[in-house]
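Trainee: The feature domain '4Fe-4S ferredoxin-type 1' is assigned by Swiss-Prot to 55-84. The [4Fe-4S] cluster 1 binding site annotation in Swiss-Prot covers Cys64, Cys67, Cys70, Cys114, and the record cites sequence analysis as its basis. As annotated by Swiss-Prot, [4Fe-4S] cluster 2 binding site applies to Cys74, Cys104, Cys107, Cys110. According to Swiss-Prot, the feature domain '4Fe-4S ferredoxin-type 2' maps to 95-124, an assignment based on sequence analysis.
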Amino acid sequence: MFDFLTSLQTYRQEAAQAAQYIGQGFGVTFDHMSRRPITIHYPYEKLIPSERFRGRIHFEFDKCIACEVCVRVCPINLPVVDWDYQKSVKKKQLRSYSIDFGVCIFCGNCVEYCPTNCLSMTEEYELSVYDRHELNFDHVALGRVPTSVVQDTLVTPVLGLGYLPKGELSSLP
């Protein structure tokens, strides 16, 4: 008789503990249901990157002195700098400069260590192409003026969406 009561008591404790775990799971689920969604409608809405965002590299050909510091500080020796030495003025003359964004890890070392500030990071993050060889940008493509998300009239700019705390659903537009 006592074995039956102890097994019944154990069963009740385990059932109560299981109900508690299920209640905790539902609590987390309902908590997340009241938060703002993280996803956006991409082609029609685009995120505005932060100021420190490291996107496509912009290159200014006229400022470059062909010192190759960018190549030396790059962890994968990525920038290809082609130059000629002019004996008359005893100076390097830059012929071409290219970066393959299919290999680039966007660490920003080249931008940080450039002595003439001819390299800068832009807020462009749409670099998708059908052929990976199109990701090899020469100095002409790198010198293209970066486009801003805010300037596009067909797109609704969205400020950065972080993981929002509780009660932020009511602030949706």
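The backbone N, Cα and C atoms fix where each Cβ goes, and this holds for glycine too.
Please go over these features one by one and say how buried each is and what sits next to it.
Mentor: Residues 49, 92-101, 103-107, 109-125, 127, 139, 142-146 of the same chain, all 6+ positions outside the domain '4Fe-4S ferredoxin-type 1' (55-84), place their C-beta atoms under 8 angstroms from a C-beta of that stretch.
Counting only same-chain residues at least 6 apart in sequence, those with a Cβ under 8 Å from the Cβ of Cys70 ([4Fe-4S] cluster 1 binding site) are Pro79, Val81, Asn109, Cys110, Tyr113, Cys114, Leu119.
Its own atom aside, the Cβ of Cys104 ([4Fe-4S] cluster 2 binding site) has 19 Cβ atoms within 10 angstroms in the protein chains shown.
Averaged over the domain '4Fe-4S ferredoxin-type 2' (95-124), the predicted model has a pLDDT of 95.
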Trainee: Go through the chain and flag residues at least 6 beyond the ends of the domain '4Fe-4S ferredoxin-type 2' (95-124) whose CB is under 8 A from any CB in it; none is fine as an answer.
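Mentor: Result: 48-49, 53-65, 67, 69-70, 73-76, 78-84, 132, 135-139, 142, 146-149.
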Trainee: Can you give me the Cα-Cα distance between Cys107 ([4Fe-4S] cluster 2 binding site) and Cys67 ([4Fe-4S] cluster 1 binding site) in Å, rounded to a whole number?
Mentor: 20
Trainee: Write out, in the order they occur in the sequence, the residues of the chain not among Cys74, Cys104, Cys107, Cys110 that have a C-beta within 8 Å of the mean position of the C-beta atoms of the recorded [4Fe-4S] cluster 2 site.
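Mentor: So the additional residues around the site are Ile57, Cys70, Val73, Pro75, Ile76, Leu78, Pro79, Ile99, Ile105, Phe106, Gly108, Asn109.
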Trainee: What does the structure give for the C-alpha distance between Cys67 ([4Fe-4S] cluster 1 binding site) and Cys104 ([4Fe-4S] cluster 2 binding site)? Integer Å is fine.
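Mentor: Counting only the Cα atoms, the answer is 20 Å.
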